[in-house]
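Record features (TrEMBL):
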- B:28-46: transmembrane segment (TRANSMEM)
- B:52-77: transmembrane segment (TRANSMEM)
- B:98-123: transmembrane segment (TRANSMEM)
- B:135-159: transmembrane segment (TRANSMEM)
- B:166-190: transmembrane segment (TRANSMEM)
- B:196-222: transmembrane segment (TRANSMEM)
Amino acid sequence: MEAFLHMGGYAAYVWPAYAVFFVVLLIDFFAPNLRRRRVLRELHARMQRQKAREARKAAQRSPSDDSGPTMTPLDS
Amino acid sequence: MMPGSLRAACVAVLRRDLLLAWRRRGDIALPVLYALIVTTLFPFALGPNDDLLARVAGGVVLVTVLLAMLLAFDALFRPDLEDGSLEQLMLAPQPLALLLGMKILAHWVSTALPLIVIAPILASMLHLPAHANAVLVLALLVATPLLSLLGSVLVALTAGTRRSGMLLALMLLPLCVPVVIFAAGAVSAAQEGLPWIAPIAWLGAALALMLILAPLACAAALRIAIDA
Amino acid sequence: MKWIPLWMHQLSSPPTFYRFASVLRPWCIALALILTAVGLYGGLVTAPADYQQGDAFRIIYIHVPSAEMSLFIYGVMAVAGFIAVVWRLKLAESVAMQSAPIGAAFTFITLVTGSIWGYPTWGTWWTWDARLTSELVLLFLYLGVIGLYHAFEDRRQGARAAAFLVLVGVINLPIVHYSVQWWHTLHQGTTVRLFGPSKMEADMLWPLLVMMLASKFYWAASLCGRVRTDLLSLESGKQWVRALAEREGR
């Protein structure tokens with residue numbers, strides 16, 4: 001095992017080369033996964049916001065018909 | 001010459017661009033000044049050793065001219081894009097490739113030609129021998145139109161983007177590697193007393209090919225980059 | 001044979017390709033991992049040391065597959081780019097543009113491992129050797145394509161412009177390669193002793209072939225992952241993406 005790690009005296013060259021290979025490919029592999037998660041999460045959040053807005057609008061319209069048209073919430 | 005005919009349109013585009021360049025004469029002087037500054041800096045960096053300067057002179061002047069042209073490339077389509085005349089050109093009934101070819105010609109005359117005029121002076125400041133200097137001018141006469149044509153395709157591709165300076169340099173590098181190799185190869189061959197005609201002939205062949213292909217590619221690239 | 005164009009047509013629709021890529025990807029990952037394990041065992045353990053270079057030659061098992069992939073991916077990108085420029089197919093644009101970062105990664109690995117390998121064998125980590133220089137120019141080509149793609153605000157337009165640049169590069173690449181070779185013979189100043197293509201023993205050769213195959217499967221997996229993500233953000237208003245976000249976005 002030690003001889004294997006020693007690489008006949010070339011360990012300082014062989015192992016860094018393999019490290020570069022694996023590190024670069026791991027980054028290449030996981031970058032789109034993270035991006036995919038982010039894209040889906042952002043879209044989900046946007047859909048949630050849209051749904052909440054529609055619900056608020058519907059709730060506003062039906063029960064408060066007699067309170068007059070001047071009562072509009074500030075955060076709309 | 002019929003107004004609206006192909007020849008009239010070409011002459012009109014050429015005349016307009018040359019006139020515009022002439023009205024802004026200061027802009028023509030800028031690349032020349034840039035080349036002068038860069039060439040002056042080299043002896044300060046390398047030391048006033050005449051032999052060393054003579055050995056690198058051809059390459060230094062070539063790369064300087066290339067960089068000066070790169071600086072001026074942005075002005076090829078940008079003013080026309082901003083005032084909308086490029087879109088008019090694209091809508092014109094005449095073939096776009098030919099009109100763009102005229103624009104490239106006008107751009108070459110107004111930026112590369114002054115550089116070619118000043119290049120032998122810069123080279124002799126760096127002690128390039130006279131016979132190699134003649135080859136340098138010849139190499140530039142073939143290489144600069146080639147660079148203009150190649151560059152025009154890339155400028156057309158970046159026409160629709162906002163920032164393009166560094167990007168253009170990055171995109172142009174792979175294209176100009178062969179041009180620099182052959183032009184500098186001819187100069188250094190002449191310097192060593194070897195036959196130098198072969199690399200110039202290769203450049204000439206590439207130029208003949210690009211004279212046909214580059215305007216067509218430029219037109220196609222422009223249609224991709226600015227279709228709404 | 002009518003089902004081939006039909007199948008291609010169906011596959012090129014983004015939701016279908018998304019499902020296809022999601023199914024294909026785990027298989028490719030598994031095959032790539034198994035083949036890499038086998039190839040590296042063969043290359044690092046069972047293959048004998050080279051009689052000239054000792055154990056330093058074992059870098060070949062990552063260097064040569066990466067170099068091959070850097071060119072192979074450019075070829076794939078060029079085919080997809082051609083389809084994108086001519087037929088404006090959304091999937092082809094996506095494949096061409098998502099290939100570029102993978103190709104750039106392999107080109108980078110080729111340059112770095114080549115430099116590391118060069119130090120013990122040539123005595124210098126960088127030399128203006130024809131192959132190294134061409135590889136460097138290839139890296140610049142990849143970076144130019146990526147840069148142009150991101151310079152546009154409209155992503156599909158950027159993809160088409162960058163695909164056009166890929167096609168220009170296809171013509172340019174052999175010219176660069178041969179002119180760099182000519183340049184190298186012209187300037188005989190630096191003569192670095194390169195090891196010729198010495199005959200490889202079968203024990204040394206088979207791990208290399210296995211690693212080349214493994215890198216192909218890795219590429220397929222990575223491309224599936226990237227194109228899948230890209231299609232999601234390109235089609236983010238469509239129903240199938242919204243349904244997916246409903247399920248997986250929390």
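Every residue gets a Cβ built from N, Cα and C, even glycine.
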Distant-in-sequence neighbours of the transmembrane segment (B:98-123), which means Cβ under 8 A and at least six residues beyond its ends:
6, 9-10, 13-14, 17-18, 21, 28-29, 31-32, 35-36, 39, 57-58, 61, 64-65, 68-69, 72, 75-77, 80, 89, 92, 132-133, 136-137, 140-141, 144-145, 147-149, 152, 156, 211, 214-215, 218-219, 222
What residues elsewhere in the chain lie close to the transmembrane segment (B:135-159), defined as a C-beta under 8 angstroms and at least 6 residues from its ends?
58, 61-62, 65-66, 69-70, 73-74, 76-78, 81, 86, 100, 103-104, 107-108, 112, 115-116, 119-120, 123, 128, 167-168, 171-172, 175-176, 179-180, 182-184, 186-187, 190, 196, 199-200, 203-204, 206-207, 210-211, 214-215, 217-219, 221-222, 224-226
For the transmembrane segment (B:52-77), what are the same-chain contacts with Cβ under 8 Å, counting residues 6+ beyond its ends?
27, 30-32, 34-35, 38-39, 42-43, 46, 86, 103-104, 107, 111-112, 115-116, 119, 122-123, 126-129, 132, 136, 139-140, 143-144, 147-148, 151-152, 154-156, 159, 164-165, 168-169, 172, 176, 180, 183-184, 187-188, 191, 222
